[in-house]
Amino acid sequence: MERNLKNVLVISFGFLLLFTAYGGLQNLQSSLHSQEGLGVASLSVLYAALIVSSMFLPPILIKKLGCKWTMAGSMCCYIVFSIGNFYASWYTLIPTSVILGLGGAPLWSAKCTYLTIAGNLYAEKAGKKGKDVINQYFGVFFLIFQSAGIWGNLISSLIFSQASNKVEISEESLACCRAYDCVTDTTNATGSAEPSHSLIYTLLGIYTASGVLAVLLIVIFLDQIKSDQAETEKETLETPSFWSTFLATFQHLKDKRQCLLIPLTMYSGFEQGFLSGDYTKTYVTCALGIHYIGYVMICFSAVNSLCSLLFGKISQFTGRKLLFALATVTNAACIIALLLWKPHPKQLAVFFVFPVLWGLSDAIWQTQTNGLYGILFEKNKEAAFANYRLWESFGFVIAFGYSTKLQVYIKLYILLSVLVLSMVMYGAVEYLEAKNSPGTPTATKKENVGTFTQETHM
């Protein structure tokens, strides 16, 4: 096997193991640690730490430690978070969430840097175009990585399905499992919502072991960049001081188009935060039980992955405007339906319809917004994507931050309002582009879409 491809596979399976654990655990936080909103508070803190990390840490750590050891060290931050869940409290989960958030940005930046260096090196030897090989490597990575959402959620559902304390849900309890909830801890509406400590520890043990295997895979099998590749590494890793990077991120806000795209970028965090924090708890756990969360989120992950590939291909024929319109209509219809729906276990299929439609919409938000940033800000990609990570993470922080303070119907109205505002602002961006570049085709340059699409998913 070609050496660089071997390294790509090592990184891909390392991330698969790591995010099999983290992805499954993130979806369970609001239900597993519902007391005083500890679970969603930890996620809010996590994304706040990610914002800080994105601004300062990646260039420093990569330059000091190299890509391999930056990835290995950052993965250990995820393991610490898994361990913190064993004895979940405000004194264990919040600090470990901060640690994970600080490790998130360096992990993804080191991965991108490593794959880019490997792709350029192989292209030089093989006489191929660097961007073609890099795209191929990222394609292999995301093909393997995107299945993490399926495996992590499947493990949690299979384990929690073994719970012996399932009880019949009363109609009175089911009345609280909706947008206009009873301002109570809806997670406790079902007896099956609280699996035994032994099942929880079993799940956390599997997740922790998966993270440890990911670190070992990177440490043992991933090649470090060799000394004779120093020029290539230097060219790739030389970055301005972190203050320059920090200032460049905010100087980019002088571009009117960037300011107009802030609501759309934040909406990505809002909608993902609602699905993983509120839908899973208020609808799924409350009406069906915690063991159904994994199955429901598998549908979201699978549809999201397939549609990301599909929409990335067809956007060159349909254009991004039509796809954004499809995502808007689909998301708006889901929000309105969730406001009206009264969940009941007999309507089992409906619980899966919402994440399927949500996955379709999210695939468009991720691929097309990333592509839009790449096209509009081609000359300032670094600052532009730093803004993307900043504002999307800010959306996550707000969504998880108010999760325990507001009733679900209020959150849905907020979500719908931000969606409408996002589309109005996005329409203004398209108007400015059409006005300034009347003859310019819009949907061509997507070389870097795959690189950035999943980075914001932690």
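We number each residue from 1, going along the chain as drawn.
Quick reminder: no glycine exception, Cβ is built from N, Cα and C everywhere.
Bear in mind that TrEMBL entries carry predicted annotations, made automatically and left uncurated.
A quick note: this is a predicted structure, and the numbers were derived from the prediction, not measured.
According to TrEMBL, the transmembrane segment annotation covers 39-57, 69-88, 94-117, 137-160, 199-222, 289-311, 323-341, 347-365, 386-404, 410-429.
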**Item:** Intrachain neighbours beyond the transmembrane segment (199-222), with Cβ under 8 angstroms and 6 or more residues off its ends
**Value:** 6-7, 10-11, 13-18, 20-22, 24-25, 32, 68, 71-72, 75-76, 78-79, 82-83, 85-86, 152, 155-156, 159-160, 162-163
**Prompt:** Can at least 3 Cβ pairs under 8 A be found between the transmembrane segment (94-117) and the transmembrane segment (289-311), with each pair 6 or more apart in sequence?
**Reply:** no
**Prompt:** To the transmembrane segment (347-365), which of 39-57, 289-311, 323-341, 386-404, 410-429 is linked by the most Cβ pairs under 8 Å?
**Reply:** 289-311
**Asked** Between the stretches 289-311, 323-341, 386-404, 410-429, which one has more Cβ pairs under 8 Å with the transmembrane segment (39-57) than any other?
**Response** 386-404
**Asked** Going through 289-311, 323-341, 386-404 one by one, which has the most CB pairs that fall under 8 Å from the transmembrane segment (410-429)?
**Response** 323-341
**Fill in**
Counting only residues at least 6 beyond its ends, the same-chain positions whose CB falls under 8 A of a CB in the transmembrane segment (386-404) are 30, 36-37, 40-41, 43-44, 47-48, 50-51, 54-55, 105, 245, 248-249, 252-253, 258, 262, 265-270, 272-274, 277-278, 369-370, 373, 411, 452, 455-456
